[in-house]
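Enquirer: Among the features that TrEMBL reports, signal peptide is placed at 1-21. For 84-275, the entry in TrEMBL reads domain 'Aminopeptidase N-like N-terminal'. Annotated domain 'Peptidase M1 membrane alanine aminopeptidase' per TrEMBL: 311-533, in sequence order. Residues annotated as Zn(2+) binding site in TrEMBL: His380, His384, Glu403. If you look up TrEMBL, you'll see Glu381 marked as active site, proton acceptor. Here TrEMBL flags Tyr466 as site 'Transition state stabilizer'. Sequence annotations record features per position, and here TrEMBL assigns domain 'ERAP1-like C-terminal' to 612-915.
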Amino acid sequence: MKLISAVLHILFVLHLSYVRAFSYVEDELLQESDLFKRLQKYQDLDLHHKPLVSNNVVASDASKLRDNLLTEKRDAMRLPTNIVPHHYHLSLQVYQFINGTFLGHVDMDFHVEKSTRTIVLHSADLTLPQHEMKVTDGTNQTIRISDVTAIPDAEMLNLTTDSTLHPGVNYTLTIHFLGALRDDGFGLYHFGYFDESTHTVRIVVGTQFQPTHARYMFPCLDEPSFKARFSLRVARPTNSTCISNTPLSVTAPFLGFPEYEWDVFKTTVKMSTYLLAFVISQFEFLSKKVDGIEYKVFMRDEHYLEGQHVLDKTPKYLNYFQNFYKIPYPLEKLDSVALDTMVAAGMENWGLITYNSDAVRVTNASTSRHLIASSTLIAHEVAHQWFGNLVTASWWSGLWLNEGFATYMALKCIQEVEPVWDAMKLFISGHQMTAMELDQTQMSTPIVRNVSSIKEISATFNPITYNKGAALIRMMDHFLTEATFQRGVRNYLNELKYSNAEQDDLWRHLTIVGQEDDTLPPDATVKDVMDTWTLQKHYPVVNFVRHPNGSCTVSQKQFSDSRNSSYQGLWWIPVSIITEGSIDMEMTTATIWIPPSSKEMFVAGLPNLPRWVLLNNKQAAYARVNYDYNSWMALARQLKQNHSIFSAITRAQLLDDAYHLFTLGELKDPDVLFTLMSYLSNEEEYLPWLITMKNMEQIHQQLLNQPEFFELKEYLLKLSDKLYFKFGLDRESHSSFQGLFSLRAQKWACALEKMECVRDLLSFFNDFQAAKDIRVVPSHLRSSVLCTGVKEGNSTLWQSLWADALAIRFDSRNRYALLKALGCSKEPWTLKRYLQEGFKNHDSLGTPGLYTIVNAVSQNPISHDYAWDMIKNMSQFKERFGFWPLKASVAKVAISSLSQRRHLTELDEFLEATDYTDDQKKKLRKLVSFNIEWLEKFQAPISNWFSKQYPFDDIKPELMRPLPRMSSRSPRNVKIQLIRPDSL
């Protein structure tokens with residue numbers, strides 16, 4: 001009761017202060033006093049202690065309040081279009097230091113498209129006094145709201161007015177609301193952090209409204225197509241600051257509350273509700289002004305100097321996009337703020353970009369990987385200021401228009417502004433090939449599909465939307481040509497700025513410029529072409545067959561592991577063709593178009609074998625290419641003779657296509673793949689190697705405990721021989737993607753146990769033992785150094801490190817590095833003991849620690865099934881270790897390397913005795929089934945290839961080669977010193 005009285009008093013004072021700050025009109029003060037008196041009847045409402053699971057509407061007649069439970073139908077989950085908002089006048093006060101609540105009111109100016117008595121809007125987890133809801137018209141006449149219906153499943157309110165609302169009249173809807181701050185990082189949320197300088201806990205309040213969480217802070221039309229202006233007023237503690245989308249207009253006192261002040265922000269441009277944002281904090285900031293735009297970066301006091309990277313990059317990237325789009329950034333300022341608990345890496349709120357702190361803090365010790373990732377994230381969020389903010393997808397089914405463009409344009413920006421980072425190569429490996437690997441699976445979905453429920457909307461934020469969307473935009477950039485594409489994009493943005501768009505709007509503008517510049521197929525529009533890519537899942541493989549007379553047959557088929565599916569897609573495919581002796585090796589525009597109406601085409605005028613022909617140069621089209629065997633061999637010959645004639649992207653593409661064609665059965669044996677790979681002994685570019693490492697690690701994992709494991713390892717070692725000498729552990733990396741690759745190359749060579757790498761790792765391990773401080777080892781090498789030390793050490797050393805691992809702080813990264821390394825032992829009895837100790841200490845280790853131990857032992861070829869042998873009998877396990885059940889995540893890593901039919905039978909018996917969910921059981925069984933099927937399908941062809949290429953007599957000397965060991969000498973007692981956890 002006291003709490004509610006306090007809340008109601010605060011609500012009264014909020015309105016009173018609002019009037020003082022903005023009007024100072026005495027009769028309005030009296031009106032606010034009347035409001036307080038009317039609200040007294042709701043004193044029984046306990047906001048803070050009442051579970052906030054749906055809208056709490058204080059109705060004039062409780063019998064009128066009804067729950068309209070709706071099924072998830074698209075029309076039911078979408079707002080009707082009869083209400084069009086213009087302007088939200090939003091006042092808010094947050095009590096983060098008192099009881100974690102907030103309250104406020106909103107005046108929404110709107111008009112109606114057709115006569116109605118119904119207003120439907122979003123509201124979730126808010127308490128709304130119905131008596132204080134009202135609609136006023138342009139003459140300030142009040143229209144009473146006679147009924148309020150909550151629709152919980154849709155997070156909506158249905159308001160019914162006494163009289164009809166008519167088109168051509170401006171109306172204002174007024175609603176007062178109360179709510180509780182969230183702690184999950186969505187809506188209006190708060191978190192605390194310990195300030196070491198003052199030894200106090202400081203509270204931060206922030207917002208995250210995308211995709212559907214503005215409704216958790218205030219009632220609104222929370223769909224991207226309902227754009228409006230926002231005038232925001234926030235009451236905050238005087239010892240804190242508030243920042244929002246627009247600059248601060250005025251600060252005014254809060255009458256009766258000297259510890260609070262009102263911040264009034266300038267009115268925003270027209271934008272979607274999910275872009276509204278503000279942050280209340282006590283952060284420090286860095287600032288600069290560039291070309292009339294004010295840039296600020298806000299971070300915690302002890303970290304704010306680490307925001308210099310964001311401050312330096314943001315103006316550069318914004319300037320690039322202004323020049324590319326030829327549309328000026330429309331706001332006066334662009335703030336960036338780093339938040340510790342932010343769920344996403346970044347959020348593009350217009351004029352106030354929020355970041356996860358770890359994603360953008362940069363120090364002198366930051367790695368190349370972090371610098372590149374941070375810069376790419378910054379460019380992505382800045383790109384959104386146009387794609388997503390200025391022009392917004394009308395509905396979440398078109399999210400790829402926002403996210404695909406931001407992803408691709410960010411890398412295009414980085415390529416121009418930071419050329420040393422080779423951003424387009426990063427795009428190929430990190431985005432396009434990643435998307436293709438996912439898109440060929442049964443889990444794939446079309447990039448555009450109908451979504452309506454909140455769950456479906458959230459699911460659109462996935463790698464297909466971001467990465468495939470970006471790859472399709474890159475494809476258009478190539479087949480239209482860059483200049484044509486750029487002109488079409490500019491026209492699209494200019495026509496639709498401050499409004500919403502469908503993908504057909506983009507197709508229309510690109511068709512106009514494409515037809516003007518003759519870069520489209522005859523009688524086809526961009527819509528004809530691109531709908532085949534966005535409205536269906538998967539992608540094509542182009543099959544190329546040479547004929548003796550200089551002609552070839554080109555055909556397409558769906559490339560996916562869903563071979564039994566009745567659905568088989570067809571696409572409009574732009575295919576570039578270059579041949580041996582071509583003058584323009586950079587050409588990526590379409591030489592031919594394969595239409596969906598033709599299953600195969602004949603192409604004449606090509607050179608005869610043994611000269612090579614290359615299709616889809618630089619993987620400009622989102623497709624793979626499968627050549628006939630002789631054409632593959634012609635390309636392999638060119639790679640061997642002079643691989644540099646092809647770009648690094650094309651070389652990586654050939655290797656990646658061959659790998660996936662083999663693993664999906666389009667190539668019957670690994671001959672093409674391994675023959676192509678044979679040139680890698682002369683390859684010094686990172687992209688082909690990165691792709692090879694990623695793909696070979698999958699084969700390496702499947703053969704982990706098989707006879708072919710050694711042959712594969714030796715083959716890869718021979719190919720990697722020069723790689724280590726170029727990127728050895730004594731080489732310093734630099735702030736480029738080549739520097740990032742050097743770290744990857746080091747780990748690759750060391751994982752293959754290259755003698756020189758083992759030697760160098762042991763040298764680092766000796767340094768670690770001598771210093772008794774793990775920080776003498778570079779952070780990116782710590783796992784490898786510790787693993788090698790354990791592998792080459794003896795049981796006494798192992799015992800010492802195990803004791804240290806148990807003594808280190810629970811959440812330390814070094815603890816997990818040690819736990820992982822202890823599974824590298826070569827001694828079977830030690831590995832069995834490790835599992836026993838892990839299960840015995842499961843309480844102190846926690847699930848993450850136990851997971852790390854079981855995973856490490858199960859990934860060791862010596863002990864791949866040790867964990868499974870211990871856990872498969874539930875009663876014996878429980879009797880031995882005293883606990884059950886085992887977490888499904890731990891069981892998953894215990895079975896990750898099982899690959900025999902008997903294992904599947906054992907697993908079925910095991911799952912029968914568990915209480916895992918059906919989905920968990922299905923995934924565990926699928927994992928082992930995949931391993932079994934993979935070996936049954938690929939083990940024999942791989943074994944046969946190695947037997948032909950490397951007869952036993954040729955590799956026998958390698959079997960006898962000794963490896964350096966440390967176990968012959970007494971290990972030193974190792975004690976890890978933790979000085980500052982954040983420095984590790």
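Keep in mind that glycine also has a Cβ here, set from the backbone N, Cα and C atoms.
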Enquirer: Of all the recorded positions here, Glu381, Glu403, which one's CB has the most other CB atoms within 10 A?
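Expert: By the 10 Å Cβ neighbour count, Glu381 comes out on top.
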Enquirer: Taking only the Cα atoms, work out how far Tyr466 (site 'Transition state stabilizer') lies from Glu403 (Zn(2+) binding site), in Å, as a whole number.
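Expert: Between the alpha carbons of Tyr466 (site 'Transition state stabilizer') and Glu403 (Zn(2+) binding site) there are 5 Å.
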Enquirer: Say we define neighbours as other CB atoms within 10 Å of the CB. Which of the recorded positions His384, Tyr466 has the fewest?
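Expert: Each of the recorded positions His384, Tyr466 was scored; lowest Cβ tally within 10 Å is Tyr466.
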Enquirer: List the residues of the same chain that sit at least 6 positions away from His380 (Zn(2+) binding site) in sequence and have their Cβ under 8 Å from its Cβ, in sequence order, or write 'none'.
Expert: Gly346, Ala406, Thr407, Ala410
Enquirer: Applying the rule Cβ within 8 Å of the centroid of the Cβ atoms of His380, His384, Glu403, what extra residues of the same chain belong around the Zn(2+) site?
Expert: Glu348, Glu381, Ala383, Phe387, Gly388, Asn402, Phe405, Ala406, Thr407, Ala410, Tyr466
Enquirer: In whole Å, how far does the CA atom of Glu403 (Zn(2+) binding site) lie from that of Glu381 (active site, proton acceptor)?
Expert: 10
Enquirer: Mean pLDDT over the domain 'ERAP1-like C-terminal' (612-915): what is the value?
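Expert: Mean model confidence (pLDDT) across the domain 'ERAP1-like C-terminal' (612-915) is 90.
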Enquirer: With DSSP assignments reduced to helix, strand and coil, which class does His384 (Zn(2+) binding site) get?
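Expert: In three-state terms, His384 (Zn(2+) binding site) counts as coil.
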